[in-house]
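What TrEMBL says about this protein:
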type	residues	note
DOMAIN	295-380	domain 'SH3'
TRANSMEM	25-47	transmembrane segment
TRANSMEM	53-73	transmembrane segment
TRANSMEM	146-167	transmembrane segment
TRANSMEM	195-226	transmembrane segment
Amino acid sequence: MGTFCSVVKFENLQELKRLCHWGPIIALGVIAICSTMAMIDSVLWYWPLHTTGGSVNFIMLINWTVMILYNYFNAMFVGPGFVPLGWKPENSQDSVYLQYCKVCQAYKAPRSHHCRKCNRCVMKMDHHCPWINNCCGYQNHASFTLFLLLAPLGCIHAAFIFVMTMYTQLYNRLSFGWNTVKIDMSAARRDPLPIIPFGLAAFAATLFALGLALGTTIAVGMLFFIQAKDRIQYYQLDEVFVFPYDMGSRWKNFKQVFTWSGVPEGDGLDWPIREGCHQYSLTIEQLKQKADKRVRSVRYKVIEDYSGTCCPLNRGIKTFFTSPCTEEPRIRLQKGEFILATRGLRYWLYGDKILDDSVLEGVSRIRGWFPRNCVEKCPCDAETDQAPEGEKKNR
């Protein structure tokens, strides 16, 4: 009993709240439907357990499900690891190379970013994933990547079971006009016949599960491809930037994330760097990018109120259907306010609300997306040719 209480701590029970989100609910629902239907179809109508192949197939289905769920829950509950509150570099002089987070009251360690969803600075932050309702970062990078790899493989196996189940069960009932096709269907002849006949409900459920499996294979496979690629982008500042944490070979980079113990190398704060680079080369580059973004930002004045809804109907059909597909917030606007836009799409802009000195104290930055037709450029900025990042290429 004492061992159980030491494992199930109050903090761990609090993490269960992450399941109460649309992302985990949909993800676990898809896993449950695909795995359950694959096992039912295989045992009842395609490959019975009393055969050697059927037993191996059933064990493989269970294996896929267990491995997918293990890595999924690891990515969700282990989490990315957070920079300690109040953290500062050992050498106080190095603080000039780092950004300071007012929310965490700490300096941002190299490769870390502040997540507005988690409200903490995340070590080696990649992104906040709604499907696990957590960030992908230092501690759960390996589990998250394995989940993205195993989910499509398991869905491909399940999709094969669904297709073969429908084909074998409907072979003698429907005429496809394939008179010249000779296929050995001896494996489909069950003796004795299945306990439950393959009726309309079973066909509909199998077809639905097939659609989920194929959709998951495509969507999650694309996510895995994106995750495996180098997605780091830099501004064109007329300088050659060398990523300091690239060890020069894929194998060395791989070993930093995937280890036999399951614990990634390092502590998430200090990182091995390639020869010729500085420990804070990336943070110095980020400071340059931040300064460059301030120069490129454009000041706008709000000319119409905006309620902050995700897809506003009263702002036009094009604005409604081109709402940014992101969990980044929308900000409420009132006529007469000023916004500093840093990036934008064709019908939307992203920026910071310029607050008065009377309300600035004790208030964090208010930033997010808002419709472009709610604002107009200030006269002083309209004379310049600069546009928010992403605006030109999205026209």
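Including glycine, each Cβ sits where the backbone N, Cα and C put it.
Residue counts for the domain 'SH3' (295-380) under DSSP (helix as H, G, I; strand as E, B; rest coil) come to 19 helix, 30 strand, 37 coil. Taken together, the residues of the domain 'SH3' (295-380) have an average pLDDT of 84. Through the fold, the transmembrane segment (195-226) approaches residues 30, 33-34, 37-38, 41, 44-45, 145, 148-149, 151-152, 155-156, 158-159, 162-163, 165-166, 169-170 of its own chain, all at least 6 residues removed from its boundaries and within a Cβ separation under 8 Å.
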